[in-house]
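Chemist: The structure follows.
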């Protein structure tokens, strides 16, 4: 059988940055008493050896925990963080059990509530101790506080599933001896301590779907690239060959809208290059003794790819696609000429055999397959295009309706405590909104989170969400989104909370000078570019209705705002300075002159402390994605602040490295050539540059206005509305052909519009 051992030889990394867990729930009373080695009559041991802090197993734990604790504390990326010491009341033990000459070894970090058997078991508990000043155990997601399986927790937090309980090497082998004959066991001992009663764990877990989606969108892998696309999203699917009226027409139907039903990973072996075979064989032979026989050359290598099952809108077909054949819905806009071709051939399309189903049953799906092979000859090419006109027009219209819907998802209750005046009705009135309680706390508490004799604590519950269906896209909290605002529209002069817009870097200024380009323009630098938000919270607030009849509920987002600066920008003296403090008495009131969303600050102001909700514990810590090439992200707000804004200011998701997508090369080339030849080309292609934040997100954004409770209902109503619109268009075209309706009356009808939401394209039939 195998014998487990723990690692004893491990050294600290060079020049480590120490971090400490700021609080503890440990208790020395729970430490084991059997710490001395005692060999029984049959030659066995069973004791807990205290492990010094500088022994190998402790160093392994401290190195892996240091990175997670630093992230939970909000420390910057870059340094090599190592946990300086265990929290008070914690200690590492090596459990020796078995034959005294070769016992089994298991490492345990023993604390107040449990014995943590692995690094993965302790990571969520350590993050909770680092984040939660309230020490509310219901905010901890470890297995001992939630009573959930460790495998589920590790998957939800993106922890490695291969970390062993003791960070040990492979087990060694020993000869099994038959157990000796022993007399029946009988002994006297004190009863074991009673099980400690723990606080109830959180009722809602971190969504595994959220964790997987965000991690896959951040990571550039050698074997798989970034995953942009998520289940339920609306995307553009590249056709194997364009569908055009003739073979000479280059501007036909190139993409078809579809909905992602599921995603799978496909593993396969592909042939290696000859050079790779030689280098791989040589590398292996260099480590092999010369007496060994040469191993056969491996002529293949493993690869993985994603396969998406896409339901093509308006058709009865579901087709598999790879990452390279899909584009985000906002990344492609049907050209004007393509829309014009659809409207030109719409009357002929209604006479095609495939379109007769609209007259029979409006709910039926078209049997047209955009990926079917076309016959030879111009007649076959045109016949295929005529069959595609009606399904394509309907598919674009369905997609446009889907892009107009939204709903928050994965709700949970966020509880926090406010100190309100004891003599005020806010102390007991259950009808008051959270904003009313915040105002009461500002007026009654002179210092932050310090109750006084004149105040009483009141627990408040705020409805929060982990995700959001935003038109065509699936958005999660803790990921970066584009905003409609330009940087110069958000507090352009800066104040004591908001930094002013960053100017160009010194390298850019020198280049501008060499090319006689003025650099003093306030829109230079980050001013004319878009803004980004890393969403920390999605929550519901009570606000006044437009007609003043009472309170209504509104969903808002909060988080840090970022701007784009040059990659070599260092914030030198050429940066616009912060506004000075005119009173010389610390921070003053923020300027109210800016037409921007309100920010929540974390500092003393006018003698009271504005409330800033603590970071929800039902979150993980994700890094920022890679910025566009040549730029980097810079926070707009000083640390400890966040912006709260309406969802209508969100343009959509940010897709890192999107411009490297092979299906965007043609679009980017056309945009660059149009901009280089004529400045009007820049205005025509603003939607392209806005996808990476090089221009404000308003130029290419989702604009959903209608709330629907489920994603399924969005698809159902979008399909029904588009089909009813198409049926009405068909009836009016037939009436026009019969002479019953004048031409201009049909053209002006609201039902005859082919539009692609978010692409700034709307062509009337």
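From the backbone N, Cα and C atoms, a Cβ is placed for every residue, glycine too.
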Chemist: Under TrEMBL, the annotation region 'Disordered' belongs to which of these stretches: 533-572, 573-612, 613-652?
Modeler: 573-612
Chemist: Can you check which of 99-154, 155-210, 211-266 TrEMBL lists as region 'Disordered'?
Modeler: 155-210
Chemist: Restricting to the domain 'Cryptic loci regulator 2 N-terminal' (81-145), report the mean pLDDT as a whole number.
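Modeler: 89, rounded to a whole number.
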Chemist: By DSSP assignment, list the helix, strand and coil residue numbers for the domain 'Cryptic loci regulator 2 N-terminal' (81-145), in that order.
Modeler: 19 helix, 21 strand, 25 coil
